[in-house]
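Per TrEMBL, the features are as follows:
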REGION    1-20  region 'Disordered'
COMPBIAS  1-10  compositional bias 'Basic and acidic residues'
TRANSMEM  31-52  transmembrane segment
TRANSMEM  64-85  transmembrane segment
TRANSMEM  97-118  transmembrane segment
TRANSMEM  154-174  transmembrane segment
TRANSMEM  180-201  transmembrane segment
TRANSMEM  256-278  transmembrane segment
TRANSMEM  298-317  transmembrane segment
TRANSMEM  354-372  transmembrane segment
TRANSMEM  378-397  transmembrane segment
TRANSMEM  409-431  transmembrane segment
TRANSMEM  437-456  transmembrane segment
Amino acid sequence: STMRERKATDPLHSSTDLSEGKEKLRLKQEVGLISGVSLIAGTMIGSGIFMSPEWVLHHMGNPASSLLIWAACGLLAMFGALSYAELGTIIKESGGEYIYILRIFGSFPAFLFAYTSVILVRPAGLAAVCLSFAEYAIAPFYPGCSSPQVVVKCTAAACILILTIINCLNVRLATSVMNIFTAAKLLALLVIVVGGLVLLAKGQTQSFQNGFQGTTAGVGAVGVAFYQGLWSYDGWNNLNYVTEELKKPEVTLPRAVMIAIPLVTCLYLLVNVSYLAAMTPSELLSSGAVAVTWGDKVLGSWAWLISLSVALSTFGSSNGTFFSGGRVCYIAAREGHMPDILSMAHVRCLTPSPALLFTSVMSLVMITSGSFTSIVNFFSFMAWLFYGMTISGLLYLKIKKPELPRSYKVPIIIPIIVLMAAVYLVLAPIIDQPQIEILYIVLFIFSGIVFYFPLVRFKYHPRFLQRVTLHLQLFLEVAPTTRDAN
């Protein structure tokens, strides 16, 4: 059937053989500690650190409080990732929030998450990062003027298509690309950090004098500043999307989190200090591309290196986003919440190519989306809504099912802090500055009800979809897969 029927088993220990006695296909366990750190850090360090600093400063009003926001965002990302690490050692399945919501709260909320994530959130996030890549990649070809939007969108589309080919061919190839581009972007950030330290040593500290003067006190403004900062940290949970592809997940998952997130947080703080050492707050606020302005001021004729570095950074980040985003689609289909074809893997490459192709198509559609800041704000609203639900599931397991085996435990105060932050981030902007777009997002989430009850709950499967699935299976050379029984 197009939507696969599930057996009623213990939701925390269910394991269904999808191949029905035939030779089993599994995704390979090829993600080790170094690749895990690269997946987290490489996805986190994308367009955000090169575009969000001016918006955090704009909403907070001064340099010192904006640096506090960056530090608080790093701490919140660390707390969230540690909480997810415990969930990943209890429920050793890929899929991130989707699989945790499914196993803890049941089918309906998990379907709403998958529906929203697969159709809107992940493609929109990938489109935003690829558009950022395109802006910086073609900027050197249009000096002194803005790049034509047609060229920007065509370049972003080409980026998505290249990522599709890489990720469909081989998991090891995709992780190798992540490792290489993560190393490149870390070197680029180190150049900015060293440049800033040199400027500070020369006495350029005027931006930090009276650093807290004019701090914004509005609840909503602080919430939106967090949105912009947290966009730069987005990806802290990416390793949970590929748990079944990790080597020794009970060890690799917590270790990768503890290495990657503090590293990224320190780099972000030092990069922001470097920006403020090179520019006054007013110059930073008026800069359309903070990193490029920094390069013009500090590197002079070598400023083109910054545009190249940002292009490399955003390409690597979009690869990580694509790698994990395709897994959500794949896992949701494997659980019967998406068309069956999306749960299959290529018979030779052993990659979830139909799910990756679907994510690619949706991202290409999203390239025509709105502005960078609007995408970030609404992406963050939806993301933290589901992060909060997932963290509340961890608290439920810690209180109600402490006997479940887990190789890593996080102190209960940490998920409580993350849950309180999630509630604040969802409610603060609505209370302070309600926008009609938030209502549209909520309506979109609940529009999933229209599809859930006939297709999943009552299992109505039109026959023509079965024929379409069969033809696609033959054309794409894919077959059903089964999860590892960890």
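Heads up, residue numbers simply count up from 1 along the chain you see.
Backbone N, Cα and C define each Cβ position, glycine as well.
Among the stretches 97-118, 256-278, 409-431, the one making the largest number of Cβ pairs under 8 Å with the transmembrane segment (378-397) is 409-431. Among residues of the same chain six or more beyond the transmembrane segment (31-52), those with a C-beta under 8 A of the stretch's C-beta atoms are 77, 81, 128-129, 132-133, 136, 171, 175, 178-179, 181-182, 185-186, 189, 228-229, 231-236, 238-239, 242, 245-247, 252-253, 255-257, 259-261, 263-264, 267-268, 271, 289-291, 310, 313-314, 316-321, 323-324, 372, 376. Two recorded stretches are said to be in contact when at least 3 C-beta pairs lie under 8 angstroms, sequence spacing 6 or more; the transmembrane segment (437-456) and the transmembrane segment (298-317) fall short of this definition. Same-chain neighbours of the transmembrane segment (298-317): 42-47, 50, 129-130, 132-133, 136-137, 139-140, 159, 177-178, 180-182, 184-185, 187-188, 191-192, 195, 199, 235, 278, 289, 291-292, counting only residues six or more beyond its ends whose CB sits under 8 Å from a CB of the stretch.
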